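Chemist: Before we start, here is the structure in question, set down as structure tokens.
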Amino acid sequence: MTVKTRFAPSPTGYLHVGGARTALYSWLYAKSQGGEFVLRIEDTDIERSTQEAVDAILEGMQWMGLDWDEGPYYQTKRFDRYNEMVDQLLAEDKAYKCYASKELLDEIRAEQEANKEMARYDANHPKIVAVNQAAKDGDPCVIRFRNPKEGSVVFEDQIRGRIEISNSQLDDLIIRRTDGSPTYNFCVVVDDWDMGITHVVRGEDHINNTPRQINIYEALGAPVPTFAHCAMILGDDGAKLSKRHGAVSVMQYRDEGYLPNALNNYLVRLGWSHGDQEIFSREEMIEFFSLNAISKSASAFNTDKLLWLNNHYIKTSEPEYVAEHLQWHLDNQNINIENGPAITDVIKLVGERCHTLIELAEQSRYFYEDFSEFEAGAAKKHLRGVAKGPLELALSKVEALSDWSTENLHGVIAQVCEELEIGMGKIGMPLRVAVTGGGQSPSVDAVMQLIGQERVIARIKMALAFIAEREANA
Ligand code: GLU
């Protein structure tokens with residue numbers, strides 16, 4: 001049997017991290033079994049579904065790298081098929097027309113509540129029987145599924161274990177509304193059957209639908225897939241994850257400077273484990289993933305851990321991969337990298353200091369853009385009279401360098417220290433502020449090498465002019 005899984009979002013909003021994790025687990029399970037992954041857009045709720053949300057979901061999936069083998073299928077394009085199946089169940093008497101009005105159902109529910117009975121639809125209630133007997137063909141009606149009355153539904157959830165629900169707790173579900181539209185629980189079953197889905201991985205919020213859906217599979221004569229219901233994601237305060245906790249949309253993580261591989265690694269560990277391993281390459285995730293190692297309990301989102309992972313991925317990924325995702329942030333911050341060093345070299349040098357791509361873009365700026373002012377605090381501290389001599393000597397030496405290498409620039413700094421008998425800090429810090437504009441950067445020789453000779457010379461001159469002006473004003 002070829003494993004086939006699916007992700008079936010309703011396009012009523014962006015792709016949020018909970019959905020993204022479900023999609024990731026479903027995708028991983030398919031990949032781990034050499035199977036296929038289907039994307040299905042469940043857009044039957046026409047009022048709440050939007051094209052924007054569809055686009056946002058597709059963009060989120062693509063950004064995460066969760067590619068689908070089939071789809072996207074759209075439920076709104078499959079109404080004929082659902083209706084064909086509703087009609088089949090009607091013909092087989094596994095479904096029936098019910099003419100009871102909403103008002104009547106409300107009245108019956110109120111009675112049941114007053115009698116402290118379980119409020120539920122009861123096809124044998126005398127008032128419903130009377131209405132249905134009196135109805136004429138063509139009167140408005142819904143179609144209800146004839147749920148079995150005896151026995152129970154049992155299934156082996158891959159995450160939660162054996163689940164058993166008595167049929168006495170399940171009423172006759174509406175499968176086609178008065179307006180002729182099929183309902184969610186029915187469409188899902190027909191789709192999962194038609195699409196050959198073998199494993200349904202979805203959120204725990206659907207667990208109550210599963211027994212009802214299993215009865216529908218059986219009525220249709222369709223094989224019942226295996227189910228795995230994932231627990232919720234909570235915020236770090238233990239409440240259900242929501243906007244209040246910060247980013248919840250996957251694309252917002254892009255905007256906040258996360259690499260998709262870091263978010264995927266974070267999400268895979270949020271509720272799944274393989275020993276105590278924290279870092280997983282995509283290949284490792286696929287190799288080790290299994291449904292029964294997914295945790296039954298809810299997991300709490302931890303932004304610090306995500307930041308730690310993001311830093312790890314910025315440091316250790318191929319610089320080309322980081323560059324591909326950094327470009328969005330460079331554009332966003334208006335940094336043009338055409339006139340300057342290869343961005344991959346800047347990433348190799350600066351990346352390890354950064355937890356997000358926003359920081360990495362910010363710290364890339366001085367390699368590509370000249371500045372007209374030094375950072376006030378750093379200049380005040382390091383561009384003082386005492387720095388004049390060391391900077392002048394360094395300037396003459398960098399001007400004379402014919403081979404612009406990090407080693408030679410290291411040599412320049414060492415010679416300045418030696419000739420003037422000063423410690424490294426007395427030239428290193430003024431030079432850093434001169435060439436980067438601020439007081440923090442990676443090793444200044446490597447930084448200067450990437451900035452390039454012409455710019456370094458101009459910036460040291462600018463620092464000397466700054467010191468001269470400061471002394472004149474003193
Ligand atoms: N469309 C449902 C949702 O967005 C998912 C249904 C399913 O996975 O069976 O929550």
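From the backbone N, Cα and C atoms, a Cβ is placed for every residue, glycine too.
Remember, TrEMBL labels are computer predictions, not curated facts.
Straight from TrEMBL, here's the annotation block:
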DOMAIN    3-308  domain 'Glutamyl/glutaminyl-tRNA synthetase class Ib catalytic'
MOTIF     9-19  motif ''HIGH' region'
MOTIF     240-244  motif ''KMSKS' region'
BINDING   Lys243  ATP binding site
DOMAIN    322-464  domain 'Aminoacyl-tRNA synthetase class I anticodon-binding'
Chemist: According to DSSP, does the residue listed as 'ATP binding site' fall in a helix, a strand, or coil?
Modeler: helix
Chemist: Please work out the mean pLDDT for the residues of the domain 'Aminoacyl-tRNA synthetase class I anticodon-binding' (322-464).
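Modeler: Per the prediction, mean pLDDT sits at 97 for the domain 'Aminoacyl-tRNA synthetase class I anticodon-binding' (322-464).
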Chemist: Hey, what's the Cβ neighbour count for Lys243 (ATP binding site) at 10 Å?
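Modeler: Other Cβ atoms within 10 Å of Lys243 (ATP binding site): 10.
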Chemist: What is the number of residues in the domain 'Aminoacyl-tRNA synthetase class I anticodon-binding' (322-464) that are helix, strand and coil, as DSSP sees it?
Modeler: 103 helix, 0 strand, 40 coil
